[in-house]
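> Please read through the structure below; I'll follow up with questions.
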Amino acid sequence: MHDSRETFVNHAFVTGYPVKHSRSPLIHGHWLKQFGIRGSYRAHEVTPEAFPDFMRQIKEGRTDFCGGNVTIPHKEAAFRLADRPDELSAELGAANTLWLENGKIRATNTDGRGFVANLDERAKGWDRISAAVILGAGGASRAVIQAIRDRGVKTIHVVNRTPERARELADRFGTAVHAHSMAALPEVVSGAGLFVNTTSLGMDGEPAPAIDFSGLAPDAVVTDIVYVPLKTPLLRQAEEQGFRIVDGLGMLLHQAVPGFEKWFGLRPVVDETLRQIIISDMDRHA
């Protein structure tokens, strides 16, 4: 197998455990068809025990893959096993995008870029803020914190049920990040221009606790990285309280762009056609 920029017909993957639920093949399949590219992108389920060998197979050319995406639970292992992880993935300790270059596996993390690109598209001017509130301190919150910090947000409040987890993120990302327990939520939302839910609250339509957003800045944006359902209970609450909302689907779509460009040589565009393809698939599986 040749490296991605040398191969006429390239094949890419998404791997996780499980991975059959992934909508990434729909996204990349749409772009391959749109560009008329001879290539493929397919789901390839790998257990945690088998993942190191899978990475070796890619590097040694024992698969037809030029690279691919990595999802739960392999992101941290992908970072550790890659030959050349970049600075973004190094700070996060996790990678979601891999590609072969000169016989080495390179790695990056595009989750944060996907997050801010979604806001850029659907809430223009969102970054003219001084403070943001992040609900949750899991792996997903790391990429969000990194991305909004790098866009210039000076104060980032991380609120979590377990304050120790939030403090770990404050230690990781420096003085811009402040850790809080859930009890501090009413205080830290005061004047904030962005509220981000990175937890599973409201996923699959489950009830979410009531949150009073009234302390947010008048033009604040409330967003959720969950996209099933598209309008989560948390987003409904924020909308009813008069705030701009952004669903999480765009993050999924935009984070896919850099990988496609690496593997297939063309930069795709996230548009309404692609968004509707994914929404239709979500409706079919509701």
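For all residues, glycine too, the Cβ spot is worked out from N, Cα and C.
Annotated shikimate binding site per Swiss-Prot: S22, R23, S24, T71, N96, D111, Y227, in sequence order, evidence recorded as sequence analysis. What Swiss-Prot lists as active site, proton acceptor is K75, and the listing cites sequence analysis. Annotation source Swiss-Prot lists NADP(+) binding site at E87, G136, A137, G138, G139, A140, N160, R161, T162, P163, E164, R165, I225, G248, citing sequence analysis.
Relative to the rest of the structure, where do these features sit?
Long-range neighbours of Y227 (shikimate binding site) (same chain, six or more residues apart, CB within less than 8 Å of its CB): D247, G248, L249, M251, L252, M282.
A C-beta separation below 8 Å, combined with a sequence spacing of at least six in one chain, links K75 (active site, proton acceptor) to A94, A95, N96, N109, G139.
Less than 8 angstroms from the CB of E87 (NADP(+) binding site) sits no same-chain residue that is six or more residues away.
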> Rounded to an integer, what is the Cα-Cα distance in Å between I225 (NADP(+) binding site) and D111 (shikimate binding site)?
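The separation of the Cα atoms works out to 10 Å.
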> Around D111 (shikimate binding site), which residues of its chain at least 6 apart sit with Cβ under 8 Å of its Cβ?
N96, A140, A143, V144, A147, M251, Q255
> At the level of the C-alpha atoms, what whole-angstrom distance separates T71 (shikimate binding site) and E164 (NADP(+) binding site)?
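That comes out at 25 Å between the alpha carbons.
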> Tell me, how many other CB atoms lie within 10 A of the CB of A137 (NADP(+) binding site), whichever protein chain they belong to?
26
> Measuring CB to CB from N160 (NADP(+) binding site), give everything in the same chain under 8 Å that is also at least six residues away in sequence.
L135, G136, A137, A166, A179, H180, S181, M182
> Where S24 (shikimate binding site) and E164 (NADP(+) binding site) are concerned, what is their Cα separation in Å, rounded?
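Cα to Cα, S24 (shikimate binding site) and E164 (NADP(+) binding site) are separated by 33 Å.
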